[in-house]
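Going by Swiss-Prot, these are the annotated features:
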- H118, H122, H128: Zn(2+) binding site (BINDING)
Amino acid sequence: MPVLVSNLQGKVAVDEALTGLLTRAAQEVLKAEGYGEEAEVSLVFVDDAYIHGLNRQYRGVDAPTDVLSFAMQEGEPLAGGEEELILGDVVISLQAAERQAGEYGHSLQREAAYLAVHGVLHLLGYDHQGEEERKIMRRKEEEVLGRLNLTR
């Protein structure tokens, strides 16, 4: 289950422990949802200005956000080579993660892992527009975070 990590920002320190945790978080979601070793996602770390531009361009929202998911194809993953299943990209503003961690009283690691889990679930088609969808998605997020020992 390859998880490709790119750090396109320099405002929040990124070390191997953080990238390792977020890689495991993404892999835990994929395992929980029945994906095999061929499933691949990318995690891209950016700052608020970068994600603001993406949010404006792709969602028509002129404000920064914490996480955006870009599925390779809406509704279904894109098959890569014979042994690849490329699901898409999860773009995380580490500036937002750091700020929200302070607001919620937990670590950057916990907040960034939550955003990674949330983003990968979006890649897999989960949403939180309605109350029932929100409950399902929240339960799945908490299950994965619990397996990583990252509870509130």
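Residue positions begin at 1 at the first shown residue.
Glycine residues also receive a Cβ, built from the backbone N, Cα and C atoms like all the rest.
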Among H118, H122, H128, the most crowded of the binding-site residues [Cβ within 10 Å]: H118
Assigned conformation of H118 (Zn(2+) binding site) - DSSP reduced to three states: helix
Shell list (Zn(2+); ref centroid = CB of H118, H122, H128; cutoff 8 A): V67, S69, G119, L121, Y126, D127, M137, E141
